[in-house]
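Pulled from TrEMBL:
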type: COMPBIAS; residues: 1-11; note: compositional bias 'Polar residues'
type: REGION; residues: 1-24; note: region 'Disordered'
type: DOMAIN; residues: 30-201; note: domain 'Aminopeptidase N-like N-terminal'
type: DOMAIN; residues: 240-434; note: domain 'Peptidase M1 membrane alanine aminopeptidase'
type: BINDING; residues: His297, His301, Glu320; note: Zn(2+) binding site
type: ACT_SITE; residues: Glu298; note: active site, proton acceptor
type: ACT_SITE; residues: Tyr373; note: active site, proton donor
Amino acid sequence: MVARTTGQPGASTAGDPYVPSHGNGGYHVESYELDLDYRVNSNRLSGKATITAVANQALSRLTFDLTGLRVTKVSVNGRRAARYTHRAGKLHVTPPAAIMDGAEFVVDVQYAGNPKPEDSPWGELGWEELTEGVIVASQPSGAATWFPCNDHPGDKAHYRITVTTDSPYQVVANGRLVSRRVKASRTTWVFDQAAPMATYLATVQIGRYDVLDLAASPVPTRAVLPAAQLRDFRTDFGRQQEMMKLFCRQFGPYPFEGYTVVVTDDDLEIPLEAQGISIFGSNHVDGRRTSERLVAHELAHQWFGNSLTPSTWQHIWLNEGFACYAEWLWSEAAGGPTADQQVSKAYTRMRGLSADLMLSDPGPELMFDDRLYKRGAMTLHALRKHLGDDAFFDLLRTWTRTHRHGSVTTDDFISLAATFSPDETALQELFAAWLDNYELPRRR
Ligand SMILES: [Zn+2]
């Protein structure tokens, strides 16, 4: 497939070499209003998406990502689109009148079908039926399985997600629950996500869940889970509130209105993050705290990944290296192995593995490789030793404050770190050795 560049009107790629077929050029989305109707038994989704966007070039054609669902109607600024075509995951729309550079415009898309996850090099992504309910896990490219979007992490927008479904089910989506209306056997849930959010972090979770309020401060925290998991959950997540306090101290204020942990009734290979939400499988709850490091990892993504989102996927270590280091910080604070001991262990293991991963540009095949997580965390530990604890945590808090709810690159982090280091040359050498090399640097 020949990717068109962002320079062309209505380009059908955002030009991200890691996920070249997703994302589109020519506009920035300001908000998605998704009005969804879902039948659990038949896995039938029908929806209307209202996308408000601003053109950054004159547009005679617009493109959105949408896979596996059928589009029934498209309008632009309240008028029926002159033409639209939908194939190979791309919805091309010809507006009734060309859109001027800088103009705000509104696109309404009506669509329906039986959503299913999309095959990707990173496994199945997107909207997925559970035994009884739904999980949406989209990183990096699953968002288009349930709504038309500009599926690129750099295009963050406000969301209002309305879900109408069968009443016995609990629905969780991003942001604040604005209203819940029961009408006969169906319930309509409305969520508002005010802080800008990347498409891959948008989610809907549906299941027969109980709701457990865990804390009112410093962050309203709750869990949504099958009743059968309640007892084990209290053990496994019993120290999450301590983690929250630790991370608020070390990383700065929690960046969203609340935090919800969802435990699905099904097993999941790995837990995953969404904005303001983390999703775990039943297999991560066993009453023995086996997955506690993952509880820390997912919580840390609220700062690193969700509030500060990589501008392009190349910068994924800013998510995973930081979340992995948060595991070690938690371990250290909780009286387990120190970060230094964790580094030694990881370092020894990594020496036995092939040196073909460059942290600053790992390539799409290795973007979720365990070595990226560990080497990213080791980089932060080397930086901590270089700066000293006070300056290091000050840097982390300044990082999350300066780029709160924004998009970030590795260079942004390096530039900020430079303002905390007394020795610019040594710092540049440190980053070059850890980020831009395949070989593992010598440990100091
Ligand atoms: Zn992660």
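Backbone N, Cα and C define each Cβ position, glycine as well.
All features noted in TrEMBL, drawn onto the structure.
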{"residue": "His297", "record": "Zn(2+) binding site", "contacts (Cβ under 8 Å, 6+ apart)": "Pro271, Ala323, Cys324, Ala326, Glu327"}
{"residue": "Glu298", "record": "active site, proton acceptor", "contacts (Cβ under 8 Å, 6+ apart)": "Val261, Pro271, Leu272, Glu273, Ser278, Phe280, Ala323"}
{"residue": "His301", "record": "Zn(2+) binding site", "contacts (Cβ under 8 Å, 6+ apart)": "Glu273, Ser278, Asn319, Ala323"}
{"residue": "Glu320", "record": "Zn(2+) binding site", "contacts (Cβ under 8 Å, 6+ apart)": "Gly305, Phe368, Leu372, Tyr373, Gly376"}
Around the Cβ of Tyr373 (active site, proton donor), the count of other Cβ atoms that are within 10 Å: 22
Model confidence over the domain 'Aminopeptidase N-like N-terminal' (30-201) (mean pLDDT, whole number): 97
